[in-house]
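Chemist: Handing you this structure, nothing more for now.
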Amino acid sequence: MSATPIIHLRDVKKRTGVLNAWERVRNKPQVHWAMECFAEALGVFFYVYFGLGSTAAWVIGNILKQSGLSSVFQIGFAYAFGILFAIGVCAATSGGHFNPCVTIAFTIFRGFPPLKAVRYIVAQILGAYIASALVYNQWKVLIVESELLLKQAGVYETTMFTPNGPAGIFALYLLPGAQTLPRAFLNEFVNCFVLALVIWAALDPTSFMIPPVMAPFIIAAAYAGSIWGYAVPAISLNSARDIGCRLFALTIWGKSAAGGSYSAIAALVNIPATLLAAVVYELFLVDSDRVVAGSHLEFMNVAANHRRHRQQAEDDNLVEADDSSQEKPV
């Protein structure tokens, strides 16, 4: 039985000289990290851009008494679609973290380089900030109108920096009188723990029930489920989404948009929850005696047969062969 031939894109599709020249520069190790960071920023941009847009319709629609513009159900779908677009467009370049807690977990459990992790996290937060800036400018007229209506009604101070106010489109806040900090912590921790278990299962090569092609949909569904069930009690799920969007809210509205003690819960709780989920999955659900599913094996081979990876492996083999052929001193 003959082996499946390895065909790279350049073998079947010719690019122009300018693009080939750019690709040679872009793919140098000294430069390629910037492409990976760009992909991480773009992925978070997708996730945040679609989610915030739907949230803006919900918040502004409620203030302006325009029913039917959005709903929690629609917001969950918007974030889910953003995740699908992020993974589909960007994961092949960066590996598809799109969340600081995932990057930190990969650094601890999968040997991801710490310096690269810092770059990824900065890029992720930047992607969320840029998405916030665009959403704000696209909705600015209605946001300003909503602020004026709140001031005219005399409820600006009590509504503006809550989930029901224009600032709540971007930064995450507790619903006044409806949630305590300990319960917000519990809500965030449990949702992030469950979400991380789903992510780890989607990455498990022996998980034949979740082939690689289905992993984006499974992960997106987990995010949507958390939003549908627990957004009202307050969840963040993603440090980049929280920090990047909160920084933007601070840029527009100043310190009043900070969010108080809850901001620490929204930004940080997902990290220990994800790490604990990774430990639980590795200890209780990973089984090295299981067979690697064929779809996962194909996915792993595609990654391993990347042209630069193969070239590097061949170069390393040549160096090893050259070293072994040298006469050893007696």
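Heads up, residue numbers simply count up from 1 along the chain you see.
Here the Cβ of each residue, glycine as well, is placed from N, Cα and C on the backbone.
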Chemist: Please state if A117 and V291 fall on one side of the membrane according to Swiss-Prot.
Modeler: no
Chemist: If I go by Swiss-Prot, the feature transmembrane segment sits on one of 158-178, 242-262. Which?
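Modeler: In Swiss-Prot, residues 158-178 carry the label transmembrane segment.
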Chemist: Same chain, outside the transmembrane segment (41-61) by at least 6, Cβ under 8 Å from its Cβ: which residues?
Modeler: 67-72, 74-75, 77-79, 81-83, 85-87, 89-91, 94, 96-99, 123-128, 130-132, 134-135, 138-139, 142-143, 146, 163-166, 168-170, 238, 240-241, 244-245
Chemist: Reported in the order helix, strand, coil, what are the DSSP residue counts of the topological domain 'Cytoplasmic' (229-264)?
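Modeler: Summed by class, the stretch gives 24 helix, 0 strand, 12 coil.
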Chemist: Is the topological domain 'Cytoplasmic' (229-264) packed against any residues at least 6 beyond its ends, judged by a Cβ distance under 8 Å, and which are they?
Modeler: 44, 47-48, 51-52, 72, 75-76, 98-101, 121, 124-129, 131-133, 136, 160-161, 163, 167, 170-175, 178-179, 181, 183-184, 187-188, 191-192, 195, 223, 270-271
